[in-house]
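Student: One structure follows; several queries about it will come next.
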Amino acid sequence: AVCVSLLGAANIPPQPLTFLQFNEMIECTIPGSFPLLDNMDCGCYCGTGGRGTPVDMLDRCCKEHDDCYAQIKENLKCSSLLNVPYVKQYSFTCSEGDLTCSDAAGTCARIVCDCDRTAALCFAEAPYKRRNFKIDYKTRCQ
């Protein structure tokens, strides 16, 4: 239920730790997936950037995740450079597809974890639509 591209995999730049934790969450909810590659270049919001109307459920999951991170950046608890969502470490557990964020409620770490958890669960429910992989961004993401 995810988009996968193996082309250019060797060119993936090092990712912030939170991105790696997010990928672990996706692996938990979608066993056998390749999270560093999945969801890249799918729709208008999965991958870098994002604009226009999401083209499907998976793309809506990505947009909601982007929006969640944008809200975190506005949160005073997460305003320092060490607390921005892309680098903030958090703690979570995975048991048979069930994700639990374990940092204290209300902390920046917990807020970031909750965003990633919600997105990972959303991805697990989103059907894969090949037609939305590597779409023409200029014409379909208005």
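Residue positions begin at 1 at the first shown residue.
The backbone N, Cα and C atoms fix where each Cβ goes, and this holds for glycine too.
Predicted, not measured: the structure shown is a model, and the values here were computed from it.
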Student: For the Ca(2+) site, Swiss-Prot lists Tyr45, Gly47, Gly49; sort out which one of Asp56, Asp66 goes with them.
Tutor: Asp66
Student: Where Swiss-Prot annotates a disulfide for Cys101, which of Cys113, Cys115, Cys122 is the other cysteine?
Tutor: Cys113
Student: If you check Swiss-Prot, which of Cys3, Cys122 bonds to Cys61 via a disulphide?
Tutor: Cys122
Student: Per Swiss-Prot, which of Cys44, Cys62 is disulfide-bonded to Cys46?
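Tutor: Among Cys44, Cys62, the record in Swiss-Prot lists Cys62 as the disulfide partner of Cys46.
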Student: Are there recorded positions among Gly49, Cys62, His65, Cys68, Cys101 that sit within 10 Å of Cys94 (disulfide bond), Cα to Cα? If so, list them; otherwise say none.
Tutor: Cys101
Student: How many Å lie between the Cα of Cys46 (disulfide bond) and the Cα of Cys115 (disulfide bond)?
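Tutor: Spelling it out, the Cα of Cys46 (disulfide bond) and the Cα of Cys115 (disulfide bond) are 15 Å apart.
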Student: Highest Cβ count within 10 Å among the binding-site residues Gly47, Gly49: which residue is it?
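Tutor: It comes out as Gly47.
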